[in-house]
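Peer 1: Heads up, here are the entries from TrEMBL:
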- 115-227: domain 'Phosphatidic acid phosphatase type 2/haloperoxidase' (DOMAIN)
- 1-20: signal peptide (SIGNAL)
Amino acid sequence: MKKRLITLCLAGLLSANAFALVPTGNDATTKPDLYYLKNDQAIDSLALLPPPPEVGSIAFLNDQAMYEQGRLLRNTERGKLAAEDANLSSGGVANAFSGAFGSPITEKDAPQLHKLLTNMIEDAGDLATRGAKQKYMRIRPFAFYNVPTCNTKDQDELSKNGSYPSGHTAIGWATALVLAEVNPQRQNEILKRGFDLGQSRVICGYHWQSDVDAARVVGSAVVATLHTNPAFQQQLQKAKEEFAASHK
């Protein structure tokens with residue numbers, strides 16, 4: 001009887017793990033310029049995170065309060081920055097951090113660092129968030145309230161993409177952690193900028209606060225995993241050497 005119970009428990013664990021696998025999609029094998037990790041190496045947000053807050057729960061009431069607070073900021077300078085922060089493609093993430101980093105992060109000015117950031121963007125934004133996004137398909141605030149975001153460029157596309165956790169926030173926080181390692185003297189400025197990138201998603205109405213909070217956990221986990229990847233380690237070292245040489 002005891003042996004049978006152990007067998008059943010093991011079978012249950014294996015079954016749970018099977019459902020915890022990251023859904024297949026693009027990874028380092030299909031788009032090596034945007035990913036360091038393969039599907040089977042990625043952080044699984046579905047296994048890592050609790051479910052998103054249910055409508056009517058206390059946690060969801062906080063999400064709603066933060067949404068309303070964010071709306072009040074849309075016609076301010078902070079709201080303008082939030083709209084700009086919506087663009088993290090085509091070098092947008094590097095540009096977003098250049099001020100906090102203290103020098104331009106462009107393909108021309110810092111090619112090794114620029115390559116490092118570009119190459120890890122979807123490890124955080126797509127691969128690590130994919131499991132929970134596809135499982136929960138949480139409705140986004142702009143769709144829940146039927147109120148446009150502060151930057152409607154990607155609104156139609158993202159309405160078909162789950163809100164939890166926030167891919168933009170995961171990218172921003174993971175990027176901040178890596179940049180703080182390259183330039184530790186400006187780590188406070190860099191990490192604050194990474195934090196603010198996430199809050200921009202709430203201000204714009206693209207994400208709930210709990211989406212953003214969860215994404216920071218995912219971003220941290222992604223960076224920990226990337227540090228075990230030889231290709232990432234090599235490129236990080238090149239970026240550090242490039243930065244040191246340009247700041248003698």
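Placement of Cβ uses the backbone N, Cα and C atoms for every residue, glycine included.
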Peer 1: Over the domain 'Phosphatidic acid phosphatase type 2/haloperoxidase' (115-227), what is the model's average pLDDT?
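Peer 2: Result for the domain 'Phosphatidic acid phosphatase type 2/haloperoxidase' (115-227): average pLDDT 97.
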Peer 1: Mind checking how the domain 'Phosphatidic acid phosphatase type 2/haloperoxidase' (115-227) divides into helix, strand and coil residues in DSSP?
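Peer 2: Secondary-structure composition of the domain 'Phosphatidic acid phosphatase type 2/haloperoxidase' (115-227): 87 helix, 0 strand, 26 coil.
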